[in-house]
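Take a look at the structure set out below.
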Amino acid sequence: MGMSAISTETLSLGYGDAVIIDELNLTIPKGEITVFIGSNGCGKSTLLRSLARLMKPRGGSVLLEGRAIAKLPTKEVAKELAILPQGPSAPEGLTVHQLVKQGRYPYQNWLKQWSKEDEEAVERALKATKLEDMADRAVDSLSGGQRQRAWIAMTLAQETDIILLDEPTTYLDMTHQIEILDLLFELNEKEDRTIVMVLHDLNLACRYAHHLVAIKDKRIYAEGRPEEVITCDLVQNVFSMNCQVTQDPLFGTPLCIPHGRGRCIVQEAAFTSHG
(Lines of atoms letter the chains of each structure in order from A; the text may use other names.)
(Lines give C-alpha, C1' and ligand atoms only; values in the text may rest on other atoms or scores of the structure.)
Protein backbone atom coordinates (compact mmCIF):
# COMPACT_ATOMS: atom_id res chain seq x y z
CA MET A 1 0.00 0.00 0.00
CA GLY A 2 1.35 3.46 -0.93
CA MET A 3 0.83 6.83 0.70
CA SER A 4 -2.29 7.39 2.79
CA ALA A 5 -4.84 10.12 2.12
CA ILE A 6 -6.64 9.54 5.41
CA SER A 7 -5.82 7.27 8.32
CA THR A 8 -7.15 6.54 11.78
CA GLU A 9 -5.34 5.60 14.97
CA THR A 10 -7.26 3.55 17.58
CA LEU A 11 -10.45 5.37 16.53
CA SER A 12 -13.52 4.78 18.71
CA LEU A 13 -17.00 6.08 17.83
CA GLY A 14 -20.42 5.78 19.40
CA TYR A 15 -23.85 7.22 20.20
CA GLY A 16 -24.93 7.41 23.83
CA ASP A 17 -23.92 4.18 25.52
CA ALA A 18 -23.55 2.32 22.22
CA VAL A 19 -20.05 1.69 20.88
CA ILE A 20 -20.16 1.62 17.06
CA ILE A 21 -16.45 1.54 16.17
CA ASP A 22 -13.84 0.35 18.66
CA GLU A 23 -10.13 1.23 18.45
CA LEU A 24 -10.00 0.98 14.67
CA ASN A 25 -6.77 1.47 12.73
CA LEU A 26 -7.41 2.24 9.07
CA THR A 27 -5.41 3.52 6.12
CA ILE A 28 -7.12 4.95 3.02
CA PRO A 29 -4.70 4.63 0.07
CA LYS A 30 -4.08 7.84 -1.83
CA GLY A 31 -5.31 7.96 -5.43
CA GLU A 32 -7.44 4.82 -5.16
CA ILE A 33 -11.11 3.92 -4.71
CA THR A 34 -11.84 2.49 -1.27
CA VAL A 35 -15.24 0.93 -0.50
CA PHE A 36 -16.61 0.10 2.95
CA ILE A 37 -18.82 -3.01 3.10
CA GLY A 38 -20.64 -4.72 5.94
CA SER A 39 -24.08 -5.58 7.27
CA ASN A 40 -26.64 -2.92 8.18
CA GLY A 41 -25.74 -1.11 11.38
CA CYS A 42 -22.08 -2.20 11.40
CA GLY A 43 -20.83 1.39 11.45
CA LYS A 44 -19.88 2.04 7.80
CA SER A 45 -21.65 5.40 7.55
CA THR A 46 -20.59 6.40 11.06
CA LEU A 47 -16.97 5.74 10.14
CA LEU A 48 -17.30 7.72 6.90
CA ARG A 49 -18.78 10.70 8.78
CA SER A 50 -15.92 10.64 11.27
CA LEU A 51 -13.36 10.76 8.44
CA ALA A 52 -14.94 14.05 7.34
CA ARG A 53 -14.90 15.43 10.90
CA LEU A 54 -18.70 15.35 11.07
CA MET A 55 -18.55 13.21 14.19
CA LYS A 56 -16.31 13.67 17.20
CA PRO A 57 -14.39 10.52 18.19
CA ARG A 58 -14.72 9.05 21.66
CA GLY A 59 -11.09 8.11 21.41
CA GLY A 60 -8.22 7.99 18.97
CA SER A 61 -7.79 10.28 16.00
CA VAL A 62 -8.35 10.84 12.28
CA LEU A 63 -5.34 12.00 10.27
CA LEU A 64 -5.64 13.90 6.99
CA GLU A 65 -2.38 13.23 5.16
CA GLY A 66 -0.66 12.81 8.50
CA ARG A 67 -2.20 15.84 10.26
CA ALA A 68 -4.76 15.57 13.04
CA ILE A 69 -7.98 16.61 11.30
CA ALA A 70 -9.53 17.83 14.57
CA LYS A 71 -6.90 20.58 14.79
CA LEU A 72 -7.25 21.88 11.23
CA PRO A 73 -9.35 24.97 10.33
CA THR A 74 -12.73 24.03 8.83
CA LYS A 75 -12.12 25.76 5.50
CA GLU A 76 -8.71 24.14 5.16
CA VAL A 77 -10.32 20.71 5.59
CA ALA A 78 -13.03 21.65 3.07
CA LYS A 79 -10.37 22.51 0.48
CA GLU A 80 -8.90 19.03 0.79
CA LEU A 81 -11.90 16.79 1.48
CA ALA A 82 -15.53 16.78 0.30
CA ILE A 83 -18.35 14.57 1.56
CA LEU A 84 -21.69 13.70 0.00
CA PRO A 85 -24.04 12.27 2.64
CA GLN A 86 -26.78 9.76 1.89
CA GLY A 87 -29.98 11.22 0.42
CA PRO A 88 -29.16 14.96 0.50
CA SER A 89 -32.01 17.40 -0.22
CA ALA A 90 -31.94 20.86 -1.81
CA PRO A 91 -34.27 23.80 -1.05
CA GLU A 92 -37.30 23.92 -3.34
CA GLY A 93 -36.61 25.77 -6.59
CA LEU A 94 -32.81 25.78 -6.23
CA THR A 95 -31.24 25.41 -9.67
CA VAL A 96 -28.44 23.02 -10.56
CA HIS A 97 -26.07 25.96 -11.09
CA GLN A 98 -26.95 27.44 -7.70
CA LEU A 99 -26.39 24.09 -6.02
CA VAL A 100 -23.02 23.52 -7.66
CA LYS A 101 -21.93 27.04 -6.64
CA GLN A 102 -22.23 25.94 -3.01
CA GLY A 103 -19.11 23.84 -3.56
CA ARG A 104 -17.07 27.05 -3.73
CA TYR A 105 -17.92 28.00 -0.13
CA PRO A 106 -14.42 27.14 1.23
CA TYR A 107 -12.89 29.72 -1.10
CA GLN A 108 -15.14 32.63 -0.10
CA ASN A 109 -14.56 35.21 2.62
CA TRP A 110 -15.28 38.88 3.22
CA LEU A 111 -12.18 39.84 1.23
CA LYS A 112 -12.58 37.37 -1.62
CA GLN A 113 -15.99 37.32 -3.27
CA TRP A 114 -17.17 35.32 -6.30
CA SER A 115 -14.47 35.30 -8.98
CA LYS A 116 -13.80 34.13 -12.52
CA GLU A 117 -11.86 31.22 -11.00
CA ASP A 118 -14.95 30.18 -9.02
CA GLU A 119 -17.18 30.31 -12.09
CA GLU A 120 -14.68 28.27 -14.10
CA ALA A 121 -14.63 25.62 -11.35
CA VAL A 122 -18.43 25.41 -11.51
CA GLU A 123 -18.37 25.11 -15.30
CA ARG A 124 -15.79 22.32 -15.12
CA ALA A 125 -17.92 20.45 -12.58
CA LEU A 126 -21.04 20.79 -14.74
CA LYS A 127 -19.13 19.55 -17.78
CA ALA A 128 -17.63 16.58 -15.93
CA THR A 129 -21.10 15.48 -14.82
CA LYS A 130 -22.72 16.26 -18.22
CA LEU A 131 -25.09 18.81 -16.69
CA GLU A 132 -24.27 21.93 -18.75
CA ASP A 133 -27.66 21.85 -20.48
CA MET A 134 -29.48 21.44 -17.16
CA ALA A 135 -27.74 24.21 -15.23
CA ASP A 136 -30.88 26.38 -15.05
CA ARG A 137 -33.27 23.58 -14.13
CA ALA A 138 -34.53 23.16 -10.58
CA VAL A 139 -32.81 20.31 -8.75
CA ASP A 140 -36.16 18.94 -7.57
CA SER A 141 -37.32 18.59 -11.21
CA LEU A 142 -34.51 16.18 -12.12
CA SER A 143 -34.57 12.39 -12.26
CA GLY A 144 -32.84 10.46 -9.50
CA GLY A 145 -29.67 9.93 -11.52
CA GLN A 146 -29.54 13.54 -12.69
CA ARG A 147 -30.09 14.79 -9.16
CA GLN A 148 -27.26 12.65 -7.82
CA ARG A 149 -24.99 13.93 -10.58
CA ALA A 150 -25.85 17.49 -9.52
CA TRP A 151 -24.78 16.76 -5.94
CA ILE A 152 -21.58 15.15 -7.18
CA ALA A 153 -20.97 18.23 -9.34
CA MET A 154 -21.17 20.33 -6.17
CA THR A 155 -18.46 18.22 -4.55
CA LEU A 156 -16.35 18.51 -7.73
CA ALA A 157 -16.65 22.30 -7.67
CA GLN A 158 -15.06 22.10 -4.23
CA GLU A 159 -11.92 20.90 -6.05
CA THR A 160 -10.71 18.52 -3.37
CA ASP A 161 -8.37 15.58 -3.88
CA ILE A 162 -10.51 13.40 -1.58
CA ILE A 163 -14.24 12.69 -2.03
CA LEU A 164 -16.30 10.70 0.49
CA LEU A 165 -19.73 9.37 -0.54
CA ASP A 166 -22.28 7.59 1.63
CA GLU A 167 -24.25 5.11 -0.49
CA PRO A 168 -24.25 7.27 -3.66
CA THR A 169 -26.32 4.71 -5.61
CA THR A 170 -29.14 4.19 -3.09
CA TYR A 171 -32.65 4.47 -4.61
CA LEU A 172 -31.23 4.60 -8.15
CA ASP A 173 -32.15 2.10 -10.86
CA MET A 174 -29.45 -0.09 -12.40
CA THR A 175 -28.70 2.27 -15.30
CA HIS A 176 -28.19 5.26 -13.02
CA GLN A 177 -26.15 3.24 -10.51
CA ILE A 178 -23.64 2.34 -13.21
CA GLU A 179 -23.70 5.91 -14.55
CA ILE A 180 -22.74 7.34 -11.14
CA LEU A 181 -20.10 4.71 -10.40
CA ASP A 182 -18.58 5.10 -13.88
CA LEU A 183 -18.35 8.85 -13.27
CA LEU A 184 -16.55 8.32 -9.96
CA PHE A 185 -14.25 5.71 -11.53
CA GLU A 186 -13.38 8.18 -14.29
CA LEU A 187 -12.59 10.91 -11.75
CA ASN A 188 -10.21 8.54 -10.04
CA GLU A 189 -8.65 7.28 -13.25
CA LYS A 190 -8.19 10.63 -15.03
CA GLU A 191 -7.69 13.02 -12.11
CA ASP A 192 -6.18 10.70 -9.50
CA ARG A 193 -8.89 11.60 -6.97
CA THR A 194 -9.09 9.53 -3.81
CA ILE A 195 -12.65 8.16 -3.57
CA VAL A 196 -14.08 6.60 -0.41
CA MET A 197 -17.59 5.10 -0.59
CA VAL A 198 -20.08 3.08 1.37
CA LEU A 199 -21.82 0.60 -0.95
CA HIS A 200 -24.40 -2.10 -0.26
CA ASP A 201 -24.05 -3.94 -3.57
CA LEU A 202 -21.16 -6.32 -2.99
CA ASN A 203 -20.66 -7.10 -6.67
CA LEU A 204 -20.44 -3.42 -7.64
CA ALA A 205 -18.08 -2.84 -4.73
CA CYS A 206 -15.82 -5.58 -6.11
CA ARG A 207 -15.97 -4.13 -9.62
CA TYR A 208 -15.09 -0.54 -8.76
CA ALA A 209 -12.93 -0.73 -5.62
CA HIS A 210 -9.16 -0.97 -5.57
CA HIS A 211 -9.32 -1.36 -1.80
CA LEU A 212 -12.16 -3.09 0.07
CA VAL A 213 -12.74 -2.72 3.82
CA ALA A 214 -15.13 -5.21 5.45
CA ILE A 215 -16.40 -4.12 8.87
CA LYS A 216 -17.79 -6.43 11.54
CA ASP A 217 -18.07 -6.30 15.33
CA LYS A 218 -16.91 -2.67 15.51
CA ARG A 219 -13.61 -3.39 13.76
CA ILE A 220 -12.07 -4.20 10.38
CA TYR A 221 -12.74 -7.86 9.61
CA ALA A 222 -10.69 -7.89 6.39
CA GLU A 223 -9.24 -5.44 3.88
CA GLY A 224 -7.34 -5.47 0.61
CA ARG A 225 -7.97 -6.00 -3.10
CA PRO A 226 -11.46 -7.47 -3.68
CA GLU A 227 -10.00 -10.50 -5.45
CA GLU A 228 -7.89 -11.20 -2.37
CA VAL A 229 -10.58 -10.49 0.22
CA ILE A 230 -13.92 -11.80 -1.06
CA THR A 231 -14.51 -15.48 -0.26
CA CYS A 232 -17.55 -17.54 0.68
CA ASP A 233 -16.29 -17.61 4.25
CA LEU A 234 -16.03 -13.81 4.43
CA VAL A 235 -19.55 -13.34 3.06
CA GLN A 236 -20.88 -15.88 5.57
CA ASN A 237 -19.05 -14.30 8.50
CA VAL A 238 -19.73 -10.65 7.63
CA PHE A 239 -23.22 -10.89 6.10
CA SER A 240 -24.47 -14.24 7.53
CA MET A 241 -25.21 -15.40 3.99
CA ASN A 242 -24.24 -18.55 2.13
CA CYS A 243 -23.06 -17.89 -1.39
CA GLN A 244 -21.01 -19.00 -4.34
CA VAL A 245 -18.10 -16.73 -5.32
CA THR A 246 -17.14 -16.86 -8.98
CA GLN A 247 -15.53 -14.51 -11.50
CA ASP A 248 -17.38 -11.70 -13.24
CA PRO A 249 -17.35 -12.76 -16.93
CA LEU A 250 -16.89 -9.14 -18.09
CA PHE A 251 -14.43 -7.71 -15.57
CA GLY A 252 -12.80 -10.70 -13.89
CA THR A 253 -13.62 -9.31 -10.45
CA PRO A 254 -15.31 -11.43 -7.74
CA LEU A 255 -18.99 -12.13 -8.33
CA CYS A 256 -21.08 -13.20 -5.35
CA ILE A 257 -24.12 -15.40 -6.07
CA PRO A 258 -26.28 -15.76 -2.94
CA HIS A 259 -27.97 -19.02 -2.02
CA GLY A 260 -31.67 -19.01 -1.24
CA ARG A 261 -35.02 -19.73 -2.82
CA GLY A 262 -36.06 -18.99 -6.38
CA ARG A 263 -36.81 -20.42 -9.79
CA CYS A 264 -34.19 -22.91 -10.92
CA ILE A 265 -34.01 -23.49 -14.68
CA VAL A 266 -30.82 -25.56 -14.72
CA GLN A 267 -31.06 -29.33 -14.37
CA GLU A 268 -28.62 -29.52 -11.50
CA ALA A 269 -27.68 -26.73 -9.11
CA ALA A 270 -24.97 -27.40 -6.56
CA PHE A 271 -25.58 -25.08 -3.63
CA THR A 272 -22.53 -25.81 -1.57
CA SER A 273 -20.68 -23.26 0.50
CA HIS A 274 -16.94 -23.26 0.24
CA GLY A 275 -14.12 -20.75 0.66
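Every residue number used here counts from 1 along the chain in the order it is shown.
In case you wondered, yes, glycine gets a Cβ from its N, Cα and C as well.
Summarising the annotation, Swiss-Prot assigns ATP binding site to Gly38, Ser39, Asn40, Gly41, Cys42, Gly43, Lys44, Ser45 and lists sequence analysis as the type of evidence. The domain 'ABC transporter' feature in Swiss-Prot is assigned to 6-242; the stated evidence is sequence analysis.
Mean model confidence for the domain 'ABC transporter' (6-242) is a pLDDT of 95.
Counting every protein chain shown, the number of other Cβ atoms lying within 10 Å of the Cβ of Lys44 (ATP binding site) is 25. Excluding the listed site residues Gly38, Ser39, Asn40, Gly41, Cys42, Gly43, Lys44, Ser45, the same chain places Thr46, Ile215 with Cβ atoms within 8 Å of the centre of the ATP site Cβ atoms. With the fewest other Cβ atoms inside 10 Å of its Cβ, the least crowded of the binding-site residues Asn40, Ser45 in this structure is Asn40. When Cβ neighbours within 10 Å are tallied across all protein chains shown, the highest count among the binding-site residues Gly38, Gly43 belongs to Gly43. The Cβ neighbour count for Cys42 (ATP binding site), using a 10 Å radius and every protein chain shown, is 22.
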